[in-house]
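Notes to accompany the following structure.
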Amino acid sequence: MATVRICVCGDEGTGKSSLITSLVKGVFVTNKIQPILPQITIPPTIGTPENVTTTTVVDTSALPQERSNLAREIRKSNVILLVYSDHYSYERVALFWLPYFRSLGVNVPVVLCANKSDLAADHSEAQVIEEEMLPLMAEFKEIDSCIRTSAREHRNVNEAFFLCQKAVTHPIAPLFDSKESALKPAAVAALQRIFYLSDKDRDGYLSDKELEDFQMRCFEKPLSEEDLVHIKETIQKTHPTSVAPSGIDCRGFIHLNKMYAEKGRHETVWIILRAFQYTDNLSLQESFLHPRFEVPPYASAELSPEGYRFFVNLFLLSDKDNDGGLNDAELASLFAPTPGLPASWADGSFPSSTVRNEAGHVTLQGWLAQWSMTTFTSPKTTLEYLAYLGFESSDRSNPSTTAALKVTRPRKRRKRPGRVGRNVVLGHVLGPPGSGKSALLDAFLARGFSTTYHPTIQPRTAVNTVELPGGKQCYLILDELGELEPAILENQVKLLDQCDVIVYTYDSSDPDSFAYIPELRSKYPHLEELPSVFVALKADLDRTTQRAEYQPHEYTAMLNMPSSPLHVSVTWSSMQEVFVHIAEAAMEPSTAFPRSEEDVEGKWMAWGIALGAVVCAGAAAVMIWRRVSGSGT
């Protein structure tokens, strides 16, 4: 909502005070008026732009002794009504007033007002506009609009102040470059995005149905057949190829809005822009891009069913060749209404971070996995891109983009039996250099094995779906920390909050490999608070004795881990079972912690109770058989 402050300026005797009085009284006041009227505040009335709350009108004097007050009021205003009434005061507009405004460093729109039109009956409206106003508008871009008024006849008085309000609420300057006679680049970019979002079937045209939906969204009234024909005819006059049986293309849509701006109907363009959440500087509203969304400690964010449905539909619409994957051109088209790929995707080497087909194109599985990971690691990024990409909530109680997300239950006590209430989990893959961490991530994404060793410097991430026993699926994020490993492991609070499982890897064929793991756990003792899975990689090579205080199986037994290290090779077909094991450890964390003595004693007690129950049941059966046998003899 806007508060409009109008500063009325001009030479002495041009009728500034009479215009203000005529506005307030509704008629011309013949009595003598004081030289400078006090400030007045006008509440919204019929015809006031809907986003204006109050309008303040300030009268000023052009006398030299009042110059400091004049400068102060000009700086406080957000629009200037500049009044002239004869040839002398008209000449002063260009020679004094407009240069004076510039010297003050103000950047506000100016509405030029030719007052006392009742005294210039020999000049027609068109002549005044052509000879006086248009040359000034061409020279001074700060002039938003012009109008002829008469305070005596109460002619166009209300309209003059309405133009001032509109100059604030619907400014022309951000939209149109009158010198170039073209829409400004930022306006074109915004309108291109609006066209893209309104083109629901992504065929490059706004069909009649899409135009009707667009009309209802922006103006809340239906588009008549007459208006539809008129729009197409208007575009066809200058861009014949922009109108086709399929509808109007983006070029025609941009041209239509350019015509609105040229003809002073820029209010129409602003209504369109604001319907799509644009601000006065043509950026998207901050509250729209970044709505309030809190994730409590030990909880996480995930896509809701509506969020997944949106990204599925977006993928299907963007897969133009129907090959089941998004190629570079299709991805570029999909992200056209956004600033580009999310920064985290570029840092994570997308699309190599997710599932691709043989041609290297991102599959639907990989697309959803990537967004699941983004939502988990940075829900604000997902919300921002949902806004850019045109997500529309079907939930009337929550019309914002947050309807596409949900928050999981906090998981604080991981050692308590039971599954965590989340479908996306994160595992850090730790191990010495050369242990096979990168090969593990490649295998997770079904990539071929490479014998060439490339040490990981930058962090690397992989995300994919894992099918758990029973048929339930979850998204598993595995990352290799690279040079950031010390910083991430030292941040205990963040590590325990975000990480769901630690995967310790070592090369079973390298005698110096395993010693890294006990040293790491000793250096960062809080790692013991996270579920753990030990994996012996390169099991296709000869296993060797480790030069460590304890052998791997002895170390895990000493920790009372539920199982010994898993011996696997990325060249084996059974490799996928490792990822199921890792996902299960994250989803049911109590199964991946060292078993305490109470757990072991409890297990033996359970066995004892079970055995005792069997013995008792057997003895009871014998007694019953004997009784039955005895009664039968």
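Including glycine, each Cβ sits where the backbone N, Cα and C put it.
Noted in Swiss-Prot for the protein shown:
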BINDING   10-17, 59-63, 115-118  GTP 1 binding site
BINDING   Asp199, Asp201, Asp203, Tyr205, Glu210  Ca(2+) 1 binding site
BINDING   Asp319, Asp321, Asp323, Glu330  Ca(2+) 2 binding site
BINDING   431-438, 467-471, 537-540  GTP 2 binding site
DOMAIN    306-341  domain 'EF-hand 2'
DOMAIN    422-588  domain 'Miro 2'
REGION    398-418  region 'Disordered'
TOPO_DOM  625-633  topological domain 'Mitochondrial intermembrane'
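Features per Swiss-Prot, on structure.
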| residue | record | CB count, 10 Å |
| --- | --- | --- |
| Gly10 | GTP 1 binding site | 24 |
| Gly13 | GTP 1 binding site | 12 |
| Thr60 | GTP 1 binding site | 23 |
| Tyr205 | Ca(2+) 1 binding site | 21 |
| Glu210 | Ca(2+) 1 binding site | 18 |
| Asp321 | Ca(2+) 2 binding site | 11 |
| Asp323 | Ca(2+) 2 binding site | 13 |
| Gly431 | GTP 2 binding site | 23 |
| Leu468 | GTP 2 binding site | 15 |
| Ala539 | GTP 2 binding site | 20 |
Name them in sequence order: residues not among Asp319, Asp321, Asp323, Glu330 whose Cβ is within 8 Å of the mean position of the Cβ atoms defining the Ca(2+) 2 site. Ser318, Lys320, Asn322, Gly324, Gly325, Leu326, Asn327, His361
Do you know offhand how many angstrom separate Lys16 (GTP 1 binding site) and Asp203 (Ca(2+) 1 binding site) by C-alpha? 55
If you count other Cβ atoms within 10 Å of each one's Cβ, which of the binding-site residues Gly434, Gly471 has the most? Gly434
Under DSSP, is Asp323 (Ca(2+) 2 binding site) part of a helix or a strand, or is it coil? coil
Cβ-Cβ distance under 8 Å to Glu330 (Ca(2+) 2 binding site), same chain, at least six residues away: Ser318, Asp319, Lys320, Asp321, His361
When the Cα of Asp203 (Ca(2+) 1 binding site) is compared with the Cα of each of the binding-site residues Leu63, Lys437, Gly471, which one is closest? Gly471
Roughly how many Å lie between the Cα atoms of Ala539 (GTP 2 binding site) and Asp323 (Ca(2+) 2 binding site), rounded to a whole value? 37
Hey, does DSSP put Gly431 (GTP 2 binding site) in a helix, a strand, or just coil? coil
How far is it from Gly10 (GTP 1 binding site) to Gly434 (GTP 2 binding site), counting Cα to Cα, in Å? 80
How long is the line from the C-alpha of Lys437 (GTP 2 binding site) to the C-alpha of Tyr205 (Ca(2+) 1 binding site), rounded to the nearest angstrom? 48
With helix taken as DSSP H, G or I, strand as E or B and everything else coil, how many residues of the region 'Disordered' (398-418) land in each class? 4 helix, 3 strand, 14 coil
Cβ within 8 Å of the Ca(2+) 1 site centroid (Asp199, Asp201, Asp203, Tyr205, Glu210 excluded): which residues? Ser198, Lys200, Arg202, Gly204, Leu206, Ser207, Ser246, Gly247
Asp319 (Ca(2+) 2 binding site), Cβ-centred 10 Å count of other Cβ atoms over all protein chains shown, is 20
